[in-house]
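The structure under discussion appears below in the form of C-alpha cells.
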Amino acid sequence: MGYYSMSCPMAEFIVRNSVTRALQADPTLAAGLIRMHFHDCFIEGCDASILLDSTKGNTAEKDSPANLSLRGYEVIDAAKEELEKQCPGVVSCADIVAMASTYAVFEAGGPYIDIPKGRKDGSRSKIEDTRNLPPPTLNASELIKMFGQHGFTAQEMVALSGAHTLGVARCSSFKNRLSDAVDPNLDSGFAKQLTKTCSAGDNTEQPFDATRNRFDNLYFNALQRNTGLLASDQTLFAFARTRNIVNGYAFNQAMFFLDFQQAMVKMSTLDVKEGSKGEVRQNCHKIN
C-alpha cells in the first residue's frame, strides 16, 4: 500500500490533483477514466497497455473499435508529466491509470477506494486482444462466464456493472434493441424515447441513468423499471441468478458502494506485472 511512500511521496496527491482539475472542467470524464482502467485491466492485466500508440508494424488496443470512444488520456498525461518532474522514472503509467479511476469514483460521489501500487507497464498492445472485452450484447450468463475467467464472482460482476451509474452509451451500442423484434425486457415508453433519440444518428449519446455524472445506485433502480440502456445492463435484472443482487443494490446504496469498492480493488490487481516483468515508461504512449 505504501509503495511510493519513500520514492515519490507526492505521487497520489499529484494524480488526484490532475483528476480533480480535469473533472472540475468536465465532470463527464469520470466515466471515461473508470472505463479506461477496466479496458486496461481486462487485456493483459493492469499494465497501461491501453495507452500505447500504434506503430508502423503494430495496431494497438486503443485503435480497436471497442476503444475508439475511450476518453481521459490527457488526464493521465498531465499527471505523468508532473510526476516525471518530481520523481523521474518512478511512477508507472499503470499505477496512474488505476489511481485515476479510483479518484474519479470518489470525486463523482462514490466510495473512497484505496488500492495497492507497484504495477509495472507492459510492452504488448495488440488490437486483436480486445476481442476479450465484453460487448454490450452479452446476456448475464455470458457476462458471468467472461468475468469468471478473470476470477470475479457473479456478485462482483453486477457490482462492477454499476459503474454504468456514470456516463453515456452511443446509439450504435443499443440500437439493436429497438429493431422490429423489440427487446421484451425494454420498457415500451423508454423504447420510444430511445428511438427518437437515435433518429439523430449512431453517435448520439444517451445517459445510463438520470444522474450521469453522479456515482449512486440509480442505475440499479433503472434496471428494476426495465429502463436499462444496454442489453448487457438489462439482462442483469432479467436473469434470475443476478436479479436479487440488482434488487439488493437498488434498495441499499451503502451495500453497493462496499461491494463496488472491494471489486475495484480486485480489478486493479488483475494480472499485474511486478518487478522485472515490466518497466516504468518515460512516456505513457510508447515503450522505453
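Glycine is no exception: its Cβ is also placed from the backbone N, Cα and C atoms.
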Selected from CYS46, CYS87, CYS93: TrEMBL disulphide partner of CYS8: CYS87
Candidates CYS171, CYS284 - disulfide partner of CYS198 as recorded in TrEMBL: CYS171
Additional residues around Ca(2+) 1, ordered along the sequence, whose Cβ is within 8 Å of the centroid of ASP40, GLY45, ASP47, SER49, GLU61: CYS41, ILE43, GLU44, CYS46, ALA48, ILE50, ALA94, GLY122, SER125
Whole-number Å value for how far ASP216 (Ca(2+) 2 binding site) lies from HIS164 (heme b binding site) (Cα to Cα): 10
Number of other Cβ atoms within 10 Å of the Cβ of GLU61 (Ca(2+) 1 binding site) across all protein chains: 25
Proximal but sequence-remote residues of the same chain as CYS8 (disulfide bond) (Cβ under 8 Å, at least 6 apart): LEU83, GLN86, CYS87, VAL90, VAL91
Alpha-carbon distance [HIS39 (active site, proton acceptor); CYS93 (disulfide bond)] in Å: 14
